Amino acid sequence: MMKIGINMVQNGAHNSGWRHPDADPDIANDFEGYARIIKMAEDAKIHFMFLADGAAVRIPHRDAEELSYHGHIDRFEPLTLLSALAAVTSKIGLICTASTTYNEPYTLARKYASLDHISHGRAGWNLVTGWSEDEAQNFNRDTLMEHAQRYERANEFVDVVTGLWDSFDDDAFIADKETGQYFRPEGMHVLNHKGEFYKVRGPLNLRRSPQGHPVIAQAGSSGPGRELGARVADIIYTGQKDLKLAQEFYADMKARVAAAGRDPAKVLVMPGMMPVIGATEAEAEARMAELKSLVHPQVGMQLISKTFGDLSHLDPDDLVPLPLPESNGVKSARDQWERRLRETPMTVRQVYEEISISSGHCVVSGTVETIADHMQTWFENGACDGWNLMEPYFPGGAEDFITKLIPELKRRGLFHTEYEGKTLRESLGLDPVPNKKTQPGVAASQSEDRIAISH
């Protein structure tokens, strides 16, 4: 069965989707709006809601006037939002983004473990290193840290986080009122991590969470990103538009996972995809044209500048010049676009319309049957394990695929009709994570850990 998540990007993945007649332009700051959509998604048995995030207004701009046409400006802090949504749901997974570059491992480990407890085992962390200069300038830096160093830090960061999640055995807390002992001392494990970038003692001041480790998703598709994902991730997010390239990515990731000593079947590759649904092909085509018409040229030019450089000197109907400038941000996106444009030249307008609509992910328009055919072909031909579905605007875009597309996938036997377990790991068919500190070979260090905490 394919896995499906709903990617709820503020007021829609389409940067100008808020202008659509059926859009609620204020939904990015409306908790009740989020709650309505996630309840619909849970009723449809969608595996998880995913919230992308960044700690900045990550849109290149010279002044407020230039920025004022963009719809992706304001958003809730995602862990706060998911903690609230956990209280109004019971089955659907809750995944959000946090950067390894602009957080501390202890704080992040504690927050996601807390969400896992609050949600009774439905939390997930989308691990990113950050790509925006704007974000860097909100955290005591003038420029973005170099790509290679971001991934070196990320590898150590995730090891610290997962080590902290193993601070206590699953059964460490006994709360024996008669003896007065709250937890078994041998059930506590102090990390005492001293690495190149981080020095973290531990233990985490929170018992082990229901999943042991919250689900880890990862979206980097560069070489270092793929290596990190293969080593630590349960879900690999990716932006793929072409079946052949998607198959190549899928095969490469599964091979890397196996080389890392992990089971490839237990690491899910889930590309992003935006369905644009019409009752007929002509209606879907008209809806796509309407979505493209919403893109303000100024918005389009700014959105593509992070990958294509400053193209403001060009007319929107000029071809994009090659080669593209080197990038210290999302290198995989830059490389994919250069390869694609060498095969099929595109105008500036064509590029910014595509990026504005779906943030560079696959867009499939057509009838429910056409879109389901596309999803089935990829799923059955080694291109994906499922989909992270995006919506151009809310609430209508989400309602379309929840009420029309999901039933068709169920009818074909491609999507489950009930959640398989209580936790997100169980629902996704992922194995539980044993506590590394209780595995063979670590017993000797445990006594040292317990001694360390007493001094």
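Cβ atoms are placed via backbone N, Cα and C, with glycine included.
Sequence annotations record features per position, and here TrEMBL assigns domain 'Luciferase-like' to 17-382.
Cβ contacts within 10 Å of Asp53 (FMN binding site), excluding its own Cβ and spanning all protein chains shown: 19. Marked as FMN binding site by TrEMBL: Asp53, Thr97, His147, Tyr151, Ser221, Ser222.
Residues or ranges marked as region 'Disordered' by TrEMBL: 427-455.
Thr97 (FMN binding site) falls within a strand when secondary structure is assigned with DSSP.
All protein chains included, Ser222 (FMN binding site) registers 18 other Cβ atoms within 10 Å of its own Cβ. DSSP assigns Tyr151 (FMN binding site) to a helix in the three-state reduction.
Looking at the domain 'Luciferase-like' (17-382) alone, the prediction's average pLDDT is 91. Taken over all pairs of the listed FMN-binding residues (Asp53, Thr97, His147, Tyr151, Ser221, Ser222), the Cα spread reaches a maximum of 20 Å, rounded to the nearest whole number.
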